[in-house]
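Peer 1: Take this structure first; my questions come after.
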Amino acid sequence: MESFTADTNSTDLHSRPLFKPQDIASMVILSLTCLLGLPGNGLVLWVAGVKMKRTVNTVWFLHLTLADFLCCLSLPFSVAHLILRGHWPYGLFLCKLIPSVIILNMFASVFLLTAISLDRCLMVHKPIWCQNHRSVRTAFAVCGCVWVVTFVMCIPVFVYRDLLVVDDYSVCGYNFDSSRAYDYWDYMYNSHLPEINPPDNSTGHVDDRTAPSSSVPARDLWTATTALQSQTFHTSPEDPFSQDSASQQPHYGGKPPTVLIATIPGGFPVEDHKSNTLNTGAFLSAHTEPSLTASSSPLYAHDFPDDYFDQLMYGNHAWTPQVAITISRLVVGFLVPFFIMITCYSLIVFRMRKTNLTKSRNKTLRVAVAVVTVFFVCWIPYHIVGILLVITDQESALREVVLPWDHMSIALASANSCFNPFLYALLGKDFRKKARQSVKGILEAAFSEELTHSTSCTQDKAPSKRNHMSTDV
């Protein structure tokens, strides 16, 4: 086996394969989202937050716009990360912060949309109660609770994200306790393993989702269909190698490096070997004995027999946080809110049909339904890909089809951040009047407090000035 020398460590990023179509599409989507979303959401924040009269609806959509604006602020880092093909030059703090912002946008948006749906449902079915209890202060309190829950849901991303540094190459990924799970393992291998043919794919987008394991046979390491696999590093308290080798070893969060025993591609940390060799301080099986010296790479992929990865057993140590994060995002951030919203809007439609008021011109209801629809269209691919990567077999044909679209689904989810301002403009008033309408007028029409009247409202409402004025809160 040819030894690894310093010359092989000088692989230039520009010498790697050209971007795949999925990478180019992701960069285009993210760039357009940033270019359109920042001014669009910024304008809505300024007008709705400063120029417009404060109402319950403006509070809802103001906080929703704030979540979108924060997400758009993080997108330039994601685009640069994609261009750099996995290299993360921004340090440990932003490695934790940027992926957390993307997840923050998801949870804040879905929770606020759920609150808006419940609010609209109550206005249709309990109009008198809403006139007496629905207020701007209550809306602010609900939004405050939404942000608290949202930050709690982002804690796992902030805690488990870590920075792996090998020489001058940094990778931002997930770190589950004593094992290191990192995205973009193919480029880390490609940078240090010159004898292996370079992969035909490229990576880069910040993956805010934990990636499942990839126990790929050695012959398939460089033909994987995606680079959004994780890289798992397992360390041992005992150092079977010389201290000189530490200079080549990866280290985490800028801390001094620990000696790397083995490098195995896969999203789930490798805790044990079926032959129990880890208990004796050795990671590799008896028939695999690659050496690691100061002038050698961590491990050559072709040193692993084809059946070596089949001998690995993944511990529950990382399975628990990884699957828990994926499932919690699906259930709390998608399924439960989706069920609540479908129920609310179904009840609204049922009441409107029952009272023969299907042509009621409730502008805010139309805006809310449109925003909810766009949100779920953008985020459905993200959750589908995440679940499929968890449940599919490592060598299944379905997995090979899904993997190339992993970071594309993240780009599409991020694109949701730029759509809402345009929905407000298109649905607020008749489109033919938009050109002559000021931004304030458009948003006032979109966020109007016009109630969807029901039979009970018509029969029970009091013709008092107080009740009349309370509809504009």
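From the backbone N, Cα and C atoms, a Cβ is placed for every residue, glycine too.
According to Swiss-Prot:
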type	residues	note
CARBOHYD	ASN9	N-linked glycosylation site
CARBOHYD	ASN201	N-linked glycosylation site
MOD_RES	TYR174	sulfotyrosine
MOD_RES	TYR184	sulfotyrosine
MOD_RES	TYR308	sulfotyrosine
MOD_RES	SER448	phosphoserine
MOD_RES	THR452	phosphothreonine
REGION	233-252	region 'Disordered'
TOPO_DOM	47-57	topological domain 'Cytoplasmic'
TOPO_DOM	119-139	topological domain 'Cytoplasmic'
TOPO_DOM	350-366	topological domain 'Cytoplasmic'
TOPO_DOM	428-473	topological domain 'Cytoplasmic'
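On this model, are these features tucked inside or out on the surface, and what's nearby?
Peer 2: Within 10 Å of the C-beta of TYR174 (sulfotyrosine) we count 29 further C-beta atoms, all protein chains included.
For the topological domain 'Cytoplasmic' (119-139), DSSP puts the residue distribution at 18 helix, 0 strand, 3 coil.
Taken together, the residues of the topological domain 'Cytoplasmic' (350-366) have an average pLDDT of 65.
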Peer 1: So how many of the residues in the topological domain 'Cytoplasmic' (47-57) end up helix, strand or coil by DSSP?
Peer 2: 7 helix, 0 strand, 4 coil
